[in-house]
Amino acid sequence: MSDLDRAIEQLRQCRPIPELQVREICFKAREILIEEANVQIVDAPVTICGDIHGQFHDLMELFRVGGDCPDTNYLFMGDFVDRGFYSLESFLLLLCLKVRYPDRITLIRGNHESRQITTVYGFYDECIRKYGSANVWRYCCDVFDYLALGALVIGAGSSVQPTRLADGEDAETKVREAEDEVEIEVIGLGGVVTRQMSRRDAGMINSTNLTPSALPHLSSSGPAGALLTGVPGTGASGNSRGIANSNTPTNTGGAVLCVHGGLSPLIDSVDKIRLLDRKQEVPHDGAMCDLLWSDPEEIDGWGLSPRGAGFLFGADIVKQFNHLNNLTLIARAHQLVMEGFKEMFDSSIVTVWSAPNYCYRCGNVAAILELGEDNSNAVLRSGGEEVLFNRENTRRLASTYMGGSMKRGGPGRRYRVFEAAAQDSRGMPSKKPMPYYFL
Amino acid sequence: MAIPTRFATPSMAAPPSSAEKDRTVQQTDMDALVSRCSAIQTGYLTDPYAEMFLDISTPRDKRYPLINRGTYIRTTALDQIVESFLSRPFPGRKQIISLGAGSDTRFFRLAADKSLKLLYHEFDFPQVTSRKITAIQKNRELAAIISEFGQADSLQDSTSVPGFRVDARTGSLSSPCYYIHPIDLRTLKPGVPLPAGIDATLPTLFISECCLIYLSPNEADDIFRWITNSFGQASESTSNGVGIVLYEPIGGDDSFGKVMIRNLSQRGIVLRTLQRYSTLERQKERMKVLGFSTGMGACDVNFIHDEWIDSKEKERIDGLELLDEREEWVLLAKHYCIAWGWVERHATSGPADNLSFQNWSQFPLQRV
């Protein structure tokens, strides 16, 4: 067993590794990350995860639900550290996995992967507490500067393979029309398939059945395994009908841009992200800051962010960006959503949140997003990036789909919802959480 | 020798005694004080006095931005309610009675205005009042404020001496304008006489900041009745009303609320009236039913943040520190409320503009 494998084993037990080894691993990680592009290209299948925030035991739960690395290909959209009690163990484990399996895990930068923010929100203090000095914090911050700013998932299929129901009955038979492909599947708590939607169903969704009636782990109602018609937080709508036709390039799920926060008024193409000089502390403003700080909001155009950094952006901005860049979906994290995930703007953007019972206080569930492989006709995938960002190709697609009003089906998406690990789970050290309230 | 199994696990330990439970509730005051100091330090609030009540041994933790913001909104909202009460013209003194006041500094902040005609009382456990009085005795500035406040009045009255008296044994302090009463709030029920120094003929405002919620629902209701019985009769004859303002958690039914209840109970803190008064509607109903029937209102802290703070001030607050906890803030802030109610009758002879609580009906109200 190599030192690295031993370190992974130790970190999996939620035990910190020696300072010298941290230094070594951070150095190796930097060598790997320095070679990565600002926007890493990632092949589907991939499992996309949102904020972790040092909730180590919940990260273990995530791996239990989503499969272990390297068996599952992972993409983490940042905010590994701060707020939770185990930022150090969580980040170092992910980093060790990156060094050990560089092609099976992608880490992109969140707004908390910053010197300034970690001194306010806990990671700095945690390093001092666990090592007695700021050295480890410094090593980690140096790695933060090299993390990619985004990722582009290519080769995702337009549908997901329906999961079989627990009782052995094929879930497909419960879909409105059995022959339809499943665009969206939600696996709720306990691995139970709670919803499956074909593209046809998705077109019929209206806003009245988007809100989940209650959080599953706290409600006693709702028959397990029942297939409901709506997806929590799903704004899926529009004429995806006909686009699933197997002769068009859209029978792949298209490209999915993953970024921690969102878009920037200074960035109108994915290529512009590639031009940024990312190897620095997160600036207070500018394109790089916006990518890590911005939020989608029900507004027209751009708005000021109440966070004090980044911007708010509306549906028109997302649709235009996706159209110009030939994207079918933007996946981002950054905002707590009680249901674990939330699709907005006709499913053109999704927030994925992977920290259950955030800060040991919020009572939310978490989710991860699985994008499957395209098994039918890999037109776009074979060309890879070149085809995707070829201007000719973009123009051709644009004219095919009537300019700005083009609507495309998103990739097949499977959301796995999970809740917080039991506090005393698996005999690992676990500090009793003392979240703050006003008293 | 084997340890008998009944002693083996912590879960078999005896349940906390009532003294221990009381101590846990008393410690919530220090918790709130540290938060107050953090909000002051960061520039949200101006209050030179809070730190004077902080023990040297208490760690001066810097709180997260959303906690600072919450502390700021809580303080500012109560300030607005108090200011509205005090600013109505009135020929004589007004009275404020702070329940479970702990190390609150509101009296000292108000006393900066030496022209204010005010009688101020604080109630709390003797353990808490003793600590506060010790801090006052050790600090010349605090002692001087108490001695000097209201002196303009007392000079005319040759019988009262400037300064204040302290009974260290009971944990009480009295001065012409400021009293600290060592009182267990659970003893206050209809029929219990008013503590010394309280004047039931004055327009009177009661304040409870995260205090009554730790009592049993019946005990908390009894305090309301004690207030409206003791002051209600006076107010009928003299037209000087009585009002109350509460700041406390609401909404225990959703997942955030359930986690809140569970987390706090692990610290031994039980929000005993939460279930009965869990919504803004129920808080308003509580006011009406228990005697504060002239007018009432309730808003959650998120609404107050959005609607009670003017845009310029909000801009200032936004500039103090990055708030990377927006969704969490909304969630947290919707689980705390300010509720207020008053009873005040028009005097047959007196002028209508003597109504001290009249402006309480002008706060922006939340539609439920």
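The backbone N, Cα and C atoms fix where each Cβ goes, and this holds for glycine too.
Record features, source TrEMBL:
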- B:Arg74, B:Gly100, B:Asp184, B:Leu185, B:Glu209: S-adenosyl-L-methionine binding site (BINDING)
- B:1-23: region 'Disordered' (REGION)
Applying an 8 Å Cβ threshold (strictly under) against chain A, tell me which of the binding-site residues B:Gly100, B:Leu185, B:Glu209 fall inside, in sequence order. none
Largest separation between Cα atoms (Å) of residues that the record links to S-adenosyl-L-methionine, namely B:Arg74, B:Gly100, B:Asp184, B:Leu185, B:Glu209: 24
Per DSSP, three-state class assigned to B:Glu209 (S-adenosyl-L-methionine binding site): strand
Within its own chain, what residues at least 6 apart in sequence put their Cβ under 8 Å from the Cβ of B:Leu185 (S-adenosyl-L-methionine binding site), listed in sequence order? B:Leu99, B:Gly100, B:Phe123, B:Cys211, B:Leu212, B:Leu215, B:Glu219, B:Ile223
In DSSP terms, helix, strand or coil for B:Asp184 (S-adenosyl-L-methionine binding site)? coil
Using a Cβ cut-off under 8 Å and a sequence separation of 6 or more, which residues in the same chain sit near B:Glu209 (S-adenosyl-L-methionine binding site)? B:Ala32, B:Arg74, B:Leu78, B:Ser98, B:Gly100, B:Asp104, B:Leu246, B:Tyr247, B:Glu248
Cβ-Cβ distance under 8 Å to B:Asp184 (S-adenosyl-L-methionine binding site), same chain, at least six residues away: B:Phe125
Local backbone state of B:Arg74 (S-adenosyl-L-methionine binding site), from DSSP in three classes: helix
So how many other Cβ atoms are close to B:Gly100 (S-adenosyl-L-methionine binding site), meaning within 10 Å of its Cβ? 25
